[in-house]
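Trainee: Would you mind keeping the following structure in view while I ask a few things?
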Amino acid sequence: MTAVRAPRRRAPSDGQGGFDFSRPDEIVCGVDEAGRGPLAGPVVAAAVILDPARPIDGLDDSKVLSAKKRDLLYDLIVARSHAYCVASASVDEIDTLNILHATMLAMKRAVEGLSVLPTLAQIDGNRCPTLSVRAEAIVSGDALVPSISAASILAKVTRDRMLVDLHERFPVYGFNVHAGYGTAKHLAALREHGPCEAHRRSFAPVRAALDLIR
């Protein structure tokens, strides 16, 4: 595993990678996650192999895009990428393994779930999961590498939709608004109602809420 740090800039829309026609043996996938920080819900990862013959304009770090733009790009990525896979690690796995190892597990599942085996996985951040293919960690990769940008969008949109579904089951917490992050509203609901089965009991604010009701 290697780690690369580069100046932050917007991901270019051209030269999107995936297949390198000058090196037909090289197939690159971008990998990113969503949901390491929230107090509730799974952590989600995506892996994407872009098709250079079907470029997607506007790819960027999902965090700087509006929800409307993310939804639009999500549909384009699903339609135009050569291969993609979205995977997750559950709340139970997060609490058992810890959030770092659960994130690596979700990333591994995403890469291994691709219908096309990549020769290189480019991972957002400074750590790589253990994979059967070469892996390269790229700091700020979600803003630098289009395939990682695409993965960040798939992971973010998928997880946000999961949290909307959780809101239907547990409406008192406002998961549809904050996606499980520790906002003031969420923390107040935790103190008032205690945690639900979707909360990560290994996270300190959730443990504190549990202590209040014991």
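Note: Cβ is positioned from N, Cα and C throughout, glycine not excepted.
Copying in the features that Swiss-Prot gives for the protein in this structure:
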type	residues	note
COMPBIAS	1-10	compositional bias 'Basic residues'
REGION	1-21	region 'Disordered'
DOMAIN	26-214	domain 'RNase H type-2'
BINDING	Asp32, Glu33, Asp124	divalent metal cation binding site
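How buried are the listed features, and what sits near them?
Mentor: Asp32 (divalent metal cation binding site) falls within a strand when secondary structure is assigned with DSSP. There are 30 other Cβ atoms within 10 Å of the Cβ belonging to Asp32 (divalent metal cation binding site).
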Trainee: So if I draw a 10 Å sphere around the Cβ of Asp124 (divalent metal cation binding site), how many other Cβ atoms end up inside it?
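Mentor: Summing over all protein chains shown, Asp124 (divalent metal cation binding site) has 26 other Cβ atoms within 10 Å.
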Trainee: With the divalent metal cation site defined by Asp32, Glu33, Asp124, which remaining residues of that chain have Cβ atoms positioned within 8 Å of the Cβ centroid?
Mentor: Val31, Ala34, Ala45, Ala46, Met107, Ile123, Gly125, Gly141, Asp142, Ile148, Ala151, Ser152, Ala155
Trainee: Tell me the Cβ contacts of Glu33 (divalent metal cation binding site) under 8 Å, same chain only and six or more apart in sequence, or just say none.
Mentor: Val43, Val44, Ala45, Ala46, Thr103, Ala106, Met107, Asp124, Ala155
